[in-house]
Each structure stands twice: as structure tokens, then as C-alpha cells.
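Worksheet for the structure shown next.
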Amino acid sequence: MGQVLPLVTRQGDRIAIVSGLRTPFARQATAFHGIPTVDLGKMVVGELLARSEIPAEVIEQLVFGQVVQMPEAPNIAREIVLGTGMNVHTDAYSVSRACATSFQAVANVAESLMAGTIRAGIAGGADSSSVLPIGVSKKLAYVLVDVNKARTMSQRLKLFSRLRLRDLMPVPPAVAEYSTGLRMGDTAEQMAKTYGITREQQDALAHRSHQRAAQAWSDGKLKEEVMTAFIPPYKQPLVEDNNIRGNSSLADYAKLRPAFDRKHGTVTAANSTPLTDGATAVILMTESRAKELGLVPLGYLRSYAFTAIDVWQDMLLGPAWSTPLALERAGLTMSELTLIDMHEAFAAQTLANIQLLGSERFAREVLGRAHATGEVDDSKFNVLGGSIAYGHPFAATGARMITQTLHELRRRGGGFGLVTACAAGGLGAAMVLEAE
């Protein structure tokens, strides 16, 4: 076991997560069609503060993230402060770590708490795949800059004459890695082939995810942590996530064609997480500040770890890399965990990470560790379903996982929970949570 790194303030306070809330998650171009990311963020933070009844002046910092950037609101965190009636003096800044963005937001607030610069803060993230920053071609952008500097109409017309019809076409946001040109689904296909993940295994995991998420909603387990969203024209509120397939069968999954490798692939739209809109936020405090306010925390942040690997081959192995480090810093082993929640970007990616967490060879030859991190107990794993079912608003997923895991730990009488995710750029994130 390596060095244990306790997450405590200088006064010995633990980092408490006192509450968490999210919007329902909606598939792209459905319930949140036309609602920009900043409005989703304001929606969830405003409701979180109203429900908590914590005075606005208690919150000293807000760290918030988005992955699909809004050019008109680059510092989304500050816009949320100004748009929710929070104290205008509240410090606010934005972060982005791809699919691990709200993990990063939580870590940043925790670090401010440990440093003693604040005693309470909000962390979260939001994304909209329905309101996208549509760009222009490089040639049109180049010409527009020159046109802005041109002094005469003839100069402007001469510049515009260089353009062709194709240069005027809108350019949607890239869905591929900037450095490699590979789409996330291409990487998932790589991983399926590298680790021998079959189509049947992927479909079975996706089916399991939807079944468990549907059951969680049916049992009322998510009501406390998901707000009702009222959206224009205010005729039909959104109460639940709208991606979950409650009545699907494995036979339904088998009907879909591969989405990326059309000839030989196994990754489909059904065994991948869909493009999604939504927002999530959590309130963190020092343990003593929570006691002063008479608040009972959902739980505590025990440790966290971020890792990075190469992006050319099998880059979505973040959980296999970050989990052993987070467990080491928490002073725990895999067998001591009560719950394990892993982000399901793709079923292939999820199954590959599960395989490597239990691999002695991977531990020795790749991680340089003496033993495997540990086998993933299916009875502890994604017990309420995962991102394939709920959806994945990129910056919101981490905080969803944290809130969901802490509530489930409390229902089980406490214990330790691991939340972990892969992210674009070969990044990985893991956090160990504790509930009493």
C-alpha cells in the first residue's frame, strides 16, 4: 500500500458533501431542445439552494464546468452566480476536463476547503447537445477578419469573391479527438477488439443498465436527487430521465447495426451512451461548517485521483488507471468498497476496464504494481444502472454519480463508494466517498 493522503482541512475537518441535485437528463433535441447550457446550470443551482435553505451568503465559491463551450458565456460559473440571486461577491470560475469535468469541479472546491480559503462551496457541471456552437469554415473566418479591416466597399467585395459555396456551409462542433481524429466510438471499437469484448456482452451490459435505472425510478430512489424541470412553453414539466428503456429486451439490442465500424464492429447506438442535455450540482463544506448550520452531510470525500494515458490506442482506460491510485490514497482495497459506480461511456469501454481492474498482468506490466486492483463484484457494481441508461451530459455526469452513490450508501447503512470515469484525451478520474 502506498501513501495514504487524508482529505482534511488544517483543523482536521473532513470534506462534507451536504447535498446534491440534478435536472432530469434528456436525450438530444427532446425536452431541453433550445435550452442553453447556462440556463440548465442556473436551473439546478437555483433549485439546489432553494431546497437546502442555506443562506446565499454562506456559499463562498462556485466551480462549474461545461464541455461543449458556449462562446457567449465562457465563464459559465460566474453567469450562474449572477443569474440565481447568489451573493454577487461569490467567487466563481469554470473548469473543463471532458467527461470528468464535474469530478474536477468537486476536487477544486475540496482543495479550497482544505486550504482554508473557503468553508462552503458549490461544484457542478452542465452540457447541452441540443444547443451547439455552430461555427464557420476556416476560409470564411479568415475572410471575415479581413473584411472587418477593409476600408472600402470594393475591398470588401474583392475579399468575398474568394469564397465558394462550400465555404459558407456551417461547421458543427467536432466529435473527434483533436490530436488523433478518432471518434470516441472508434476508441470503443479498438477496446472491444483488444480485450475480446463481444457484441453479446456489450448488449447485456446495456440491457442491465436500463433495467436497473428503470427499477430505481420505479422504486422512488431517485426522486430526492432529481428536480422537476419546468421549461418553455411551460406546458409539460420534465420529471424523469427520458432515455431509459423500461420495457426493452435483449432481442431489441441485437437488431441494431454497428455505428462506427460498419462492417466488423460491435459498438451500436444501444450499447453506447446517447448525446444528452442536463445539469448537476453538489454543495460541499468543511465538517465543522456543516455542524454549525445544523446540516447532516450525505457523506464525505475520502480521496480522489486523476490520471492520463496516450490517446492513440484504447484511451478510455481511465478507471483502470485512476482507481488504484484513489484507493491507495484512501487507505482502502477494492474488497472494502460497498458500491462501485463506473461511467458507462460505452459498454465495451466499461467491460474492458472491469477486466483490467482484475488483471494481475495489467497491474504488473502496465501500472508497475505488485497486484491487481481487484475483481469488480457485480453485486456492488452500478447497482442503479449507469450512463448508458441515464444519458451523459458530459460535464454533469460526475456529480450525478457522486450524489447517486452517496444516497445509495446511506440507504445501505453507510460504507465506502468508488465513482470513476474515463474522459477524452486519455484522462481518467476516480473518487472514494464515505457515508455513515
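Any Cβ shown, glycine's included, is placed from N, Cα and C.
Listed in Swiss-Prot for this protein:
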ACT_SITE  CYS99  active site, acyl-thioester intermediate
ACT_SITE  HIS392  active site, proton acceptor
ACT_SITE  CYS422  active site, proton acceptor
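Overlay of Swiss-Prot feature records on the structure.
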residue: CYS99; record: active site, acyl-thioester intermediate; DSSP (3 states): strand
residue: HIS392; record: active site, proton acceptor; DSSP (3 states): strand
residue: CYS422; record: active site, proton acceptor; DSSP (3 states): strand
Between CYS422 (active site, proton acceptor) and HIS392 (active site, proton acceptor): CA-CA distance (Å) = 12
Message = I'm trying to understand the geometry here, so how far is the Cα atom of CYS99 (active site, acyl-thioester intermediate) from the Cα atom of CYS422 (active site, proton acceptor), in Å to the nearest whole number?
response = 7
Ask   = Relative to the Cβ of CYS422 (active site, proton acceptor), which residues of the same chain, six or more apart in sequence, are found under 8 Å away?
value = CYS99, ALA100, MET315, LEU316, LEU317, GLY318, PRO319, HIS343, ALA345, GLN349, ASN353, GLY428
Task = Drop a 10 Å sphere on every Cβ of the active-site residues CYS99, HIS392 and tell me which sphere holds the fewest other Cβ atoms.
result = HIS392
